[in-house]
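As recorded in TrEMBL:
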COMPBIAS  125-149  compositional bias 'Basic and acidic residues'
DOMAIN    180-207  domain 'PLD phosphodiesterase'
REGION    113-156  region 'Disordered'
Amino acid sequence: MTQLLRTQAQEHVYDIEKLYLNAANNVCQFIYIENQYFRWGPLAEKIKQIAERQTSWGRDPAQHNAIHLFVITNDTNDGIGMGTLKTQEMLAQLGRADVIPGVTRLLRIKQIRADAPPKPQPETANDHAGQRKLDEWQAEQGRKTREAENSTVQAQEVPGLKVHVCSLVAPDSPEGQPWMPVYIHSKLMIVDDVFTTHGSANLNTRSMMVDSELNICHEHPAFSRPLRQRLWGMHTNRMGAQDEPELAFKAWGEMIRQNKEFKSKKLSPVASLVEFYYGETTVADFD
């Protein structure tokens, strides 16, 4: 059985929002997301919440494995566009601010300024005590800002959750040339090889709350598993399409490592799959 779901703000219909959150709430093994955008915070928060909740209820990742989240989305300026702020926020919720470090550092600096105590104001030119306080304030803010600018952004562990965030390049990108990014326009999520939704809705606020969108969903393993296997096989050159999420996660990690090495040596990629990385320092919040 297939269900149709809509976002239709004029009629106060937000079925797709509920669909994504309910599907994430029911995950047992893995979630696979392939979407043009990856910047809808409520979904990240739900996934994180479920992983932490299952761990608190006694799920031992060493014995039962963690929940695995596999994401493929755009990491170019054309793909992320004016949504870098929400993208960073979603990645940070999942412990992966490390793949968008420039924006993360800018936001850290912004937070430092917001948390700063009031700037001292010397009352007169001869207010030496006031001037000394101002100098100390400026020195301290400058120190904190420099630390943020030079800080290393590292991945953070989320209890019970393992996350790969990836993008795609042309697998036949020639040696000695920049790899050609593949523009991702999918709007797909698969959960545990059972549940699938696809349609017109992106993972952003506009698709969930504003624009008119239409998705379908179904719980049909005979469709969901072959679809996931086909996509993973295509993206990983048949090296990362294992049915066991733990094995697939390790294979994706090795592929990410190899492609980083090959890219640094200006070789052709081993497969389309590469780690998501956005190194620009543009903060934009147009969703």
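The backbone N, Cα and C atoms fix where each Cβ goes, and this holds for glycine too.
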Are there residues at least 6 beyond the ends of the compositional bias 'Basic and acidic residues' (125-149) whose Cβ is under 8 Å from a Cβ of it, and what are they?
-> 105, 108-109, 112-113, 116-117, 119
The region 'Disordered' (113-156) - residue tally per DSSP class, helix then strand then coil = 25 helix, 0 strand, 19 coil
Over the span of the domain 'PLD phosphodiesterase' (180-207), count residues by DSSP class, listing helix, strand and coil in order.
-> 3 helix, 12 strand, 13 coil
